[in-house]
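What Swiss-Prot records for this protein:
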- Glu106: active site, proton acceptor (ACT_SITE)
- Cys356: active site, S-methylcysteine intermediate (ACT_SITE)
- Cys126, Cys130, Cys133: [4Fe-4S] cluster binding site (BINDING)
- Gly177, Glu178, Ser211, Ser234, Leu235, His236, Asn313: S-adenosyl-L-methionine binding site (BINDING)
- Cys119-Cys356: disulfide bond (DISULFID)
- 112-350: domain 'Radical SAM core' (DOMAIN)
Amino acid sequence: MVPELMFDEPRPGRPPRHLADLDAAGRASAVAELGLPAFRAKQLAHQYYGRLIADPRQMTDLPAAVRDRIAGAMFPNLLTASADITCDAGQTRKTLWRAVDGTMFESVLMRYPRRNTVCISSQAGCGMACPFCATGQGGLTRNLSTAEILEQVRAGAAALRDDFGDRLSNVVFMGMGEPLANYARVLAAVQRITARPPSGFGISARAVTVSTVGLAPAIRNLADARLGVTLALSLHAPDDGLRDTLVPVNNRWRISEALDAARYYANVTGRRVSIEYALIRDVNDQPWRADLLGKRLHRVLGPLAHVNLIPLNPTPGSDWDASPKPVEREFVKRVRAKGVSCTVRDTRGREISAACGQLAAVGG
């Protein structure tokens with residue numbers, strides 16, 4: 001029996017309007033509604049995206065008399081950090097966020113020697129029902145607004161600056177949710193993540209990754225948007241028989257359709273596609289599956305594919321676990337033998353349930 005997929009949010013969220021929900025025209029209109037001069041729109045955007053300030057009361061270049069009015073109209077307190085948990089000697093931090101309506105979701109901030117990455121959520125929960133993923137097993141609560149997505153980025157960037165004197169370099173849509181099932185808001189968020197201040201955070205498009213389980217039409221739409229971000233396709237099996245179980249959306253868009261869409265993305269953007277593959281002991285780690293994976297990827301994507309192997313992270317109630325290291329090494333060897341780049345991901349945050357597939361927004 002195919003698990004029920006949820007593409008439509010069961011409880012549509014209507015968080016209050018925030019500056020981060022608005023494009024340049026929207027910001028200008030909001031400022032005009034407040035009876036403020038037009039230049040304030042650019043000034044507010046610079047404070048938010050450039051200086052990472054989300055409270056107008058701290059914006060000293062604004063007249064004191066209008067700060068409260070601007071705060072109420074354009075800077076509602078969308079998210080509250082309900083809990084922060086760290087591991088990896090403080091280099092990994094998971095934040096449990098509570099939205100205005102009580103919805104809970106998570107983001108993860110990771111510091112590396114040469115980069116700093118925030119892993120953000122696009123939905124509260126997920127409707128794709130992948131059996132090895134805690135988020136998917138919890139179901140979908142609702143889509144996040146553009147501002148709720150961007151607030152995770154701003155908070156991560158501000159934490160790096162204030163706590164470590166460092167800068168945010170990478171953003172990955174690999175937290176809770178299927179980003180392409182919340183397409184319009186994710187697209188708007190990506191545009192503002194990559195735009196230069198005062199229109200956005202100024203993160204390089206090449207340092208932004210959007211992950212998907214394989215919503216083929218949306219992958220093509222993302223290609224046509226020509227944002228130039230990295231596409232990560234969560235494949236997890238090279239054959240439809242197994243992928244139907246591991247990634248139930250495969251019952252709607254087969255592997256061939258997902259890979260064809262990925263090839264279209266690579267052709268349009270010139271970007272290499274990352275193929276995500278959670279390696280599960282005795283489930284998808286057989287030598288013949290490594291051979292088939294390499295063969296299919298080489299045929300469709302050639303040098304524009306990179307396999308990112310992920311040792312399966314434990315989740316509550318699951319008997320599955322990661323493949324032994326010798327099996328993992330053999331899998332890598334066989335994929336590479338087919339002419340496809342393949343590496344094993346450096347897993348972070350496993351002990352605080354912050355790693356891939358572990359986010360469940362519990363506690364707090």
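Using N, Cα and C of the backbone, Cβ positions are placed for all residues, glycine too.
Counting only residues at least six positions away in the same chain, the Cβ atoms of Cys130, Ser211, Thr212, Val213, Gly214, Val247, Glu276 sit under 8 Å from the Cβ of Ser234 (S-adenosyl-L-methionine binding site). It is 4 Å from the Cα atom of Cys126 ([4Fe-4S] cluster binding site) to that of Gly177 (S-adenosyl-L-methionine binding site). Ranking the recorded positions Cys119, Leu235, His236, Asn313 by Cα distance from Glu106 (active site, proton acceptor) puts Cys119 first. Non-local neighbourhood of Gly177 (S-adenosyl-L-methionine binding site): Phe105, Ser121, Ser122, Gln123, Ala124, Gly125, Cys126, Thr135, Leu140, Asn143, Leu144, each in the same chain, at least six residues away, with C-beta under 8 Å from its C-beta. Under DSSP, Cys119 (disulfide bond) is assigned to a strand (E or B) in the three-state scheme.
Taking the C-alpha positions, the distance from Leu235 (S-adenosyl-L-methionine binding site) to Cys119 (disulfide bond) comes to 19 Å. Across the fold, the C-alpha of Glu178 (S-adenosyl-L-methionine binding site) and the C-alpha of Cys133 ([4Fe-4S] cluster binding site) stand 12 Å from each other. Over the domain 'Radical SAM core' (112-350), the average per-residue pLDDT in this prediction is 95. Around the Cβ of Leu235 (S-adenosyl-L-methionine binding site), the number of neighbouring Cβ atoms within 10 Å comes to 28. With Cys133 ([4Fe-4S] cluster binding site) as the anchor, the candidate recorded positions are Cys119, His236, Asn313, and the one with the nearest CA is Asn313. Long-range C-beta contacts of His236 (S-adenosyl-L-methionine binding site), restricted to its own chain and to partners at least six residues apart, with a cutoff below 8 Å, comprise Cys130, Phe132, Arg243, Leu246, Val247, Glu276, Tyr277, Ala278, Asn284. According to DSSP, His236 (S-adenosyl-L-methionine binding site) sits in a coil region rather than a helix or strand.
Residues Gly177, Glu178, Ser211, Ser234, Leu235, His236, Asn313, recorded as contacting S-adenosyl-L-methionine, have a largest CA-CA distance of 19 Å. Taking every protein chain shown into account, Cys130, Cys133 are the binding-site residues, and of these the Cβ with the most other Cβ atoms within 10 Å belongs to Cys133.
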